[in-house]
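For reference, the structure discussed in these notes is given below.
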Amino acid sequence: MIVLAFYTTISPFLGSGPFWPDYNVIPICKVNWWRNMLYINNFQTKYDQCMGWTWYLADDMQFYVISPLFLITLWRRPKVGYSLLGLFFCITFAWNFGVTYENYGIYSLLTRDLLFGNINKMSYSMANYIDILYVKPYTRIGPYLVGLLLASYVCRRTRNNSPSLNWLTLLVGWIVASFILLTCKFGFHDQDFTNVEASFYNALIRVAFASGLGWVIFVCVVGQGGVVNSILSWKAMIPLSRITYCSYLVHRIILMIYLNSSRELIIYTDSNMVILYLAILVMTYAVALVTSLLFEVPVLRLETLIRNKLAPRKETDITLTKTTTRISNEPSEK
């Protein structure tokens, strides 16, 4: 909420330049800011969204709201829970496939316009792609379902005291997971997809990538992640992880202020991109640190204090208090 207020009221006055009039976010945010508060901004068009990159927060909150439907059934009626997960997997697959197949022309135009530098047409095609497929919860729920399935399996495995994985299972798991992750990331570059191929790609790519990451999480949780677990558990990562959320909120504002204030063309060379990337990265985390210390941390502390005050006292605490009171009231021996 604080970042949204800053973005709407203050950031438009932090820069100037030939492209700065394009940064005028006040009219849109003045009308649509409340949608961000209700986490329904992902159902707006790209040009009507205030802080458009926060569509992910809306998706995540919507998944969180419906998660008890899966968690309760997985815990009390596992067969029903797994059937429900399977049903939603089928729904998101069918929706991604159908929407891509029906709107294949938009994606082919987007690729062509990007290749030939037709910026205006590319912007229109990109907006359609974002509105129809990219940000909608029913096209993005697949990875969340993978996470729920993994959490349920780990919970049951821990409760049943299952034995450690043998070396062959670990080897095969790492090979399959690595293949999936590398294929999802690098295997389809410069591919000219047909309509059916593009539909299968959009229907499967997110679930496949989440499954590969799920293996990494799984072996780390069960204590068999090896070097990967040591790297991911490195204590130096902890401070950065605590300001990741704030960095996500502010990074786009920093980028927009920088790009819209530019008075010369950016030369796209490898060295320039590395330097620009590192500069934006450092600036983002610096601003995120200040934002976190001023707003996020105090709110979290206050929330913890209120929760502790309202939480019912444990029976052991009550017994200890009574015992201490009784001892203090007993007359001391002379």
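Backbone N, Cα and C define each Cβ position, glycine as well.
Database features (TrEMBL):
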type     : residues : note
DOMAIN   : 4-292    : domain 'Acyltransferase 3'
TRANSMEM : 82-101   : transmembrane segment
TRANSMEM : 138-155  : transmembrane segment
TRANSMEM : 167-188  : transmembrane segment
TRANSMEM : 200-222  : transmembrane segment
TRANSMEM : 243-261  : transmembrane segment
TRANSMEM : 273-295  : transmembrane segment
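Cβ atoms under 8 Å from those of the transmembrane segment (138-155) belong to residues 59, 63, 67, 70-71, 74-75, 78, 81-82, 85, 88-89, 91-93, 95-96, 99, 202, 206-207, 209-211, 214, 217-218, 221-222 of the same chain, restricted to positions at least 6 beyond its ends. Beyond its flanks by at least six residues, the transmembrane segment (273-295) meets 2-3, 240, 242-247, 249-251, 254-255, 258, 266 of its own chain at Cβ-Cβ distances under 8 Å.
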